[in-house]
Ligand code: UD1
């Protein structure tokens, strides 16, 4: 198993390009199941999770061609199989996103029940209840969710009692082909949900309230193929901004958007960063200063994203002052704290809050990645630590960061991948 070896101390300085968003590429690939006619999806990031979703579509019979720029063409014409098998679902929970579209288009879907994961139990009850409200019968049998509907799904008024990104995406996709009007209340407003809705609109779906907590979908009989470019990855963008801030550095990130990162930019400014933005770039300059600690609390968009919490915990670890980080979305998402403390951080955990007293210097240590964003925080810690940090289990990082070591090298970091 590969590891990342990081020699800390280099101040990040340079320009890189941000990749397409994993979390919008995944639902958009699932949405290709709804299309009669070929779909062309561009700007997909080259990541293991995207490869898993393509493998899932392929094993259901979807014809897929990929060019060297990760533009994917899909054609559902040859599709005969309506099962998402355990072997693929167990490696990626987002596989559940094929449930809604497959059921809406073919009247049948069997998806292996996704389990919990390191960051929490992650149920899918709202996905299932929403589909039942649209007239589906859903049962769980031998570890599989088996959903059926006679004819088309029926539009419904459905209130989601928790804001769920994947749940909203599954139900919007299902509603797009349902008979009549569906109203989804307390819907997630994350930019990736918006990106999916815009793609569905380009396919002929009728959706209003995009970007708000109430989505109204007037179902249509068929959806057509289209060409769609996936939005930039706001979490990758935020991760490089925090990495630069932690090292006192200066970066310019291109092919990205500042308007979807407001809460993160605000916290970086509070930490002492100077930030400038254009239409498709963001630049951060820390002017060699040590960051100041920030307090933050995760919550659904537009509030502070749970996917950026671990990176800020790492920055707070070396910041001036005391900062608190509170996680409200997932029950076990402060796991990076133990590894950071092994590197000399001073972090106390109380329930879902980490109280972080900044230290002047972290010390390198061998550390282990436990989930995607926790592993990004260990890389950031390695960049600012004294000595050589070896990060193990980096398959977690490869799920969400395209060429992380190459991008960091371009910014002047001493980092390389070593065989395990
Ligand atoms: C998505 C993102 C993930 C991000 C998360 C929250 C993808 C592929 N992943 O995950 O990176 O961290 O949003 O922004 O886009 N819940 C229920 N019942 C359900 C569904 C969810 O109780 O049926 C709960 C979850 O346990 C969690 C909360 O709702 O506590 C939010 O989860 P959700 O928004 O669904 O996360 P994902 O879509 O899995």
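Each Cβ is built from the backbone N, Cα and C atoms, and glycine gets one as well.
Keep in mind that TrEMBL annotations are predicted by a computer and have not been checked by a curator.
These features come from TrEMBL:
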DOMAIN    6-408  domain 'Enolpyruvate transferase'
BINDING   22, 23  phosphoenolpyruvate binding site
BINDING   93, 307, 329  UDP-N-acetyl-alpha-D-glucosamine binding site
ACT_SITE  117  active site, proton donor
MOD_RES   117  2-(S-cysteinyl)pyruvic acid O-phosphothioketal
Task = Please name the residue among the binding-site residues 22, 93 whose C-beta has the most neighbouring C-beta atoms within 10 angstroms.
result = 22
Message = Averaging the per-residue pLDDT over the domain 'Enolpyruvate transferase' (6-408), what integer do you get?
response = 96
Ask   = Between 23, 329, which of the binding-site residues has the fewest other CB atoms within 10 angstroms in the structure shown?
value = 329
Ask   = Whole-number Å distance between the CA of residue 307 (UDP-N-acetyl-alpha-D-glucosamine binding site) and the CA of residue 23 (phosphoenolpyruvate binding site)?
value = 11
Request  = Over all pairs in 93, 307, 329, the listed UDP-N-acetyl-alpha-D-glucosamine binding residues, work out the largest Cα-Cα distance in Å.
outcome  = 16
Binding-site residues close to ligand 1 - of 22, 23, 307, only those whose C-beta is under 6 Å away = 23, 307
